[in-house]
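Below you'll find the structure, written out as structure tokens, and then a few comments.
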Amino acid sequence: MGSPAAPEGALGYVREFTRHSSDVLGNLNELRLRGILTDVTLLVGGQPLRAHKAVLIACSGFFYSIFRGRAGVGVDVLSLPGGPEARGFAPLLDFMYTSRLRLSPATAPAVLAAATYLQMEHVVQACHRFIQASYEPLGISLRPLEAEPPTPPTAPPPGSPRRSEGHPDPPTESRSCSQGPPSPASPDPKACNWKKYKYIVLNSQASQAGSLVGERSSGQPCPQARLPSGDEASSSSSSSSSSSEEGPIPGPQSRLSPTAATVQFKCGAPASTPYLLTSQAQDTSGSPSERARPLPGSEFFSCQNCEAVAGCSSGLDSLVPGDEDKPYKCQLCRSSFRYKGNLASHRTVHTGEKPYHCSICGARFNRPANLKTHSRIHSGEKPYKCETCGSRFVQVAHLRAHVLIHTGEKPYPCPTCGTRFRHLQTLKSHVRIHTGEKPYHCDPCGLHFRHKSQLRLHLRQKHGAATNTKVHYHILGGP
């Protein structure tokens with residue numbers, strides 16, 4: 001008996017297995033460790049390392065240029081003389097198969113040199129950030145140095161693998177081997193809202209005040225930057241200002257002058273002029289004009305907060321954010337605001353006042369925008385739509401969280417066990433398993449729970465509570 005035919009015009013179904021890619025990568029790593037189907041032996045520092053060509057090609061622009069076409073089919077043993085050190089290459093090989101990069105202050109320079117050699121730009125950037133974050137707590141500000149061009153072959157292939165986030169560019173697309181300066185990096189899509197930005201960016205970098213780290217081929221950290229004097233300052237500033245007008249700022253792998261990079265000043269001002277950084281602590285009191293002082297023997301002024309260099313003191317005034325930009329101050333926490341209405345909304349944080357209430361369910365809010373978002377629950381309005389599956393959401397934050405299901409991203413790893421999570425709040429709840437914290441307390445019976453959902457279930461089952469309201473849990477009966 002045959003199965004019934006599908007009705008005409010019925011919708012199809014596509015199910016995405018978000019863990020499939022990580023499972024495949026894990027299986028490939030297990031095959032590598034067992035030496036199964038490995039088709040190339042890499043000789044790095046005299047040490048043989050077995051691997052799969054397909055994985056190497058997918059992760060490295062250097063290996064793509066070596067193994068592409070028929071010429072790479074017969075390559076069974078590949079020696080890298082004068083290339084990366086074994087202690088720098090081994091972590092990269094593990095990263096290709098596990099998506100986890102292990103860095104320490106001792107191994108980071110070697111990993112950086114190996115990643116540059118293999119044209120793995122995303123790893124190069126991660127090493128730069130790690131090294132910079134390691135030096136900034138010591139009060140040392142690093143500046144870019146002249147970087148040597150990469151030595152591996154860079155013959156342009158006719159085609160290249162598909163580019164994707166978390167994978168390097170093939171030789172034709174790699175900025176590290178191009179002649180022109182690279183284009184500015186696009187913002188991290190995982191840092192689009194403030195919670196993810198705070199976790200991913202602020203926790204991974206001690207500060208963004210210093211310029212990107214430049215590494216010598218020996219892997220030694222570059223020396224501390226210093227302020228130039230006299231003609232040296234004027235010539236450096238003039239050359240850097242002219243280069244900034246011609247095109248974008250070059251990256252850390254290009255040849256840079258010490259004053260050519262552009263980042264954010266330590267005092268919070270955007271860097272729109274050439275600058276130099278030192279590790280000397282300066283007094284941060286006074287107005288922007290008072291904090292600008294002339295450099296000895298030159299016509300340039302430097303900011304005493306962050307050693308920014310400008311052609312005149314008024315130039316620093318426009319860079320340093322002054323108190324006059326935010327005249328409204330909170331008397332309790334000294335926070336400053338540009339508009340009076342923002343200060344009034346902020347005060348409700350201290351007073352606990354919630355003047356805006358929902359006329360349907362009575363829920364109260366301290367900001368009108370929160371009430372407007374809440375009202376969509378009752379009206380059924382869902383203005384934010386997923387372009388992949390068509391699902392709609394009340395809040396844009398819910399849409400951002402939903403999109404991660406399609407991309408398969410899990411950007412939040414547990415620092416204890418390494419388990420990765422799609423959402424920051426899920427990670428916070430998971431960490432309580434390791435810490436033993438149980439912050440949710442049942443008043444009637446004194447029990448503590450690790451998760452709010454456990455408390456809600458307990459209140460419903462044991463105490464007959466109505467937990468379907470955000471205002472409070474109303475216990476209807478006794479235990």
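Cβ coordinates come from backbone N, Cα and C, glycine included.
Keep in mind it's a predicted model, so treat the numbers as computed, not measured.
Summarising the annotation, Swiss-Prot assigns domain 'BTB' to 38-105.
Summarising the annotation, Swiss-Prot assigns compositional bias 'Pro residues' to 147-160.
Annotated compositional bias 'Basic and acidic residues' per Swiss-Prot: 162-172, in sequence order.
Feature annotation from Swiss-Prot assigns compositional bias 'Low complexity' to 234-244.
Residues 366-367 of the same chain, all 6+ positions outside the zinc finger (328-350), place their C-beta atoms under 8 angstroms from a C-beta of that stretch. Taken from Swiss-Prot, the feature zinc finger covers 328-350 (among others), and the record attributes it to sequence analysis.
Marked as zinc finger by Swiss-Prot on the basis of sequence analysis: 356-378 (among others). In the predicted model, the zinc finger (356-378) shows an average pLDDT of 87.
Taken from Swiss-Prot, the feature zinc finger covers 384-406 (among others), and the record attributes it to sequence analysis.
The zinc finger feature in Swiss-Prot is assigned to 412-434 (among others); the stated evidence is sequence analysis.
As annotated by Swiss-Prot, zinc finger applies to 440-463 (among others), with the evidence given as sequence analysis. Under DSSP, the residues of the zinc finger (440-463) split into helix, strand and coil as follows: 12 helix, 4 strand, 8 coil.
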Secondary structure content of the domain 'BTB' (38-105), with strand meaning DSSP E or B: 30 helix, 13 strand, 25 coil
